[in-house]
């Protein structure tokens, strides 16, 4: 198996992140050259997951996949957890996901140094857990999560666009589904970008935009909190004992999903060889942005509005009569930033879907831009975006469903499987802190999946009477 090597070996570290434990490698590990690797790649890996990027590009991709409009829900999660619970879990989730993503990177680096570079999450599952896990669990799960996020992109963008429209035309007749379709058309155009690597400049812009609107929201919360419009601040957790209990798990799930990525192997696949140490640098860039955005939005929003913080903090920027508490230009700027930023984020989560289409219907023997490959690429990518846009227009309550997906999908991919992959690949001693630390995280996360799933289903049941197709919310 992958932990057993029959050559004469020396003890080396595969990356700076592995200092503190020893890994045995062949005395002269060799990475395959790009030319040799390309001969064996299918069309999806060869065309969509081109390995041309630097660690900076990797940082852009990671940041875009994690930092998005979901940060506007973080103050609400604090209303369910309180000050101590909110800050503690926001910090623990940051440390755990950084550690988890780095473990995935270490496992990927290890296989790359052995001459077998894994480019997809399902490749890791196939090689480490077996082909059945890749085919029937990890592959379908990742596909559903990514496609679900693609559905959410035009929906969030459509809501921002509708808000801008109503800001200047409050009596306008356009409905939410029309704005979702507009965002879907933009997504369809972005879907035609040929590879993950071709998103690097868009994702750099996305990084800047996310930091900008996080700053806007933070400043807005502090301004309102100090203004004459400031509401009395109460930080107690509301509701009955049962509501508080389910609320705690909802809050934990919201924060866990906010840190979710689900496509770390595909992002690392875009890095040019040698891959050693590059993902760790990209993670450091990404988590620098996370530290600057997540904590500022969560803490300032909860401080300003206490347990009245809404499901999205922008709701609190209006009084009870829906009069804005900040200048109109502030809402215009913030929503434009969110609208533009969510488009690259949606394009990032299209990549695993694009890769599957390319692997299935593309032919690596022909050129990437040959008619043989371009026609199925354009048709299938367009159909997938059209389907996602249709679902978004039909199901504007989709975020409730995504909370369920997050519990059963993102947590296993981001919190559980990395621990299992590492322990099975490197086989740390059962007496070591690393083995039991990884096991503890995996077990605790499994419990969180079950309870978080129950809480998400309960929320869907509670909100079910408000659901109807093509709702104009």
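Using the three backbone atoms N, Cα and C, a Cβ is placed for every residue, glycine included.
Pulled from TrEMBL:
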type: DOMAIN; residues: 52-457; note: domain 'Amino acid transporter transmembrane'
type: TRANSMEM; residues: 55-74; note: transmembrane segment
type: TRANSMEM; residues: 80-101; note: transmembrane segment
type: TRANSMEM; residues: 136-156; note: transmembrane segment
type: TRANSMEM; residues: 176-193; note: transmembrane segment
type: TRANSMEM; residues: 205-225; note: transmembrane segment
type: TRANSMEM; residues: 245-264; note: transmembrane segment
type: TRANSMEM; residues: 285-305; note: transmembrane segment
type: TRANSMEM; residues: 329-350; note: transmembrane segment
type: TRANSMEM; residues: 378-398; note: transmembrane segment
type: TRANSMEM; residues: 404-426; note: transmembrane segment
type: TRANSMEM; residues: 433-457; note: transmembrane segment
Q: Six or more residues out from either end of the transmembrane segment (176-193), which same-chain residues have a Cβ under 8 Å from its Cβ atoms?
A: 150, 153-155, 157-159, 161-162, 165, 199, 202, 339, 343-344, 346-347, 350, 354, 377-378, 381-382, 384-386, 388-389, 392-393, 396, 470-473
Q.
Counting a contact as 3 or more Cβ pairs under 8 Å, with residues at least 6 apart in sequence, do the transmembrane segment (433-457) and the transmembrane segment (245-264) touch?
A. yes
(Q) How about long-range neighbours of the transmembrane segment (205-225): same chain, 6 or more residues beyond its ends, C-beta under 8 Å? (A) 59-60, 63-64, 67-68, 71-72, 75, 233, 289, 292-293, 296-297, 300-301, 303-305, 313-314, 316-317, 325-326, 330, 333-334, 337-338, 340-341, 344-345
Q. Same-chain Cβ contacts of the transmembrane segment (285-305) under 8 Å, 6 or more residues past its ends?
A. 55-56, 59-60, 62-63, 66-67, 71-72, 74-75, 77-79, 83, 86-87, 90, 94, 98, 207, 210-211, 214-215, 217-218, 221-222, 224-225, 230-231, 233, 235, 258-259, 313, 316
Q. Going through 55-74, 80-101, 329-350 one by one, which has the most CB pairs that fall under 8 Å from the transmembrane segment (245-264)?
A. 80-101
(Q) If I count Cβ-Cβ pairs under 8 A between the transmembrane segment (378-398) and each of 55-74, 80-101, 136-156, 329-350, 404-426, which range comes out on top? (A) 136-156
Q) Can you find at least 3 Cβ pairs under 8 Å between the transmembrane segment (404-426) and the transmembrane segment (55-74), where each pair is 6 or more residues apart in sequence? A) no
**Q.** Same-chain residue ranges lying at least 6 outside the transmembrane segment (329-350) that approach it to Cβ under 8 Å
**A.** 61, 64-65, 68-69, 146-147, 149-150, 152-154, 156-157, 160-161, 163-164, 167, 183, 186-187, 190-191, 193, 196, 199, 202-203, 205-206, 209-210, 212-213, 216-217, 220, 263, 314, 317, 381, 384-385
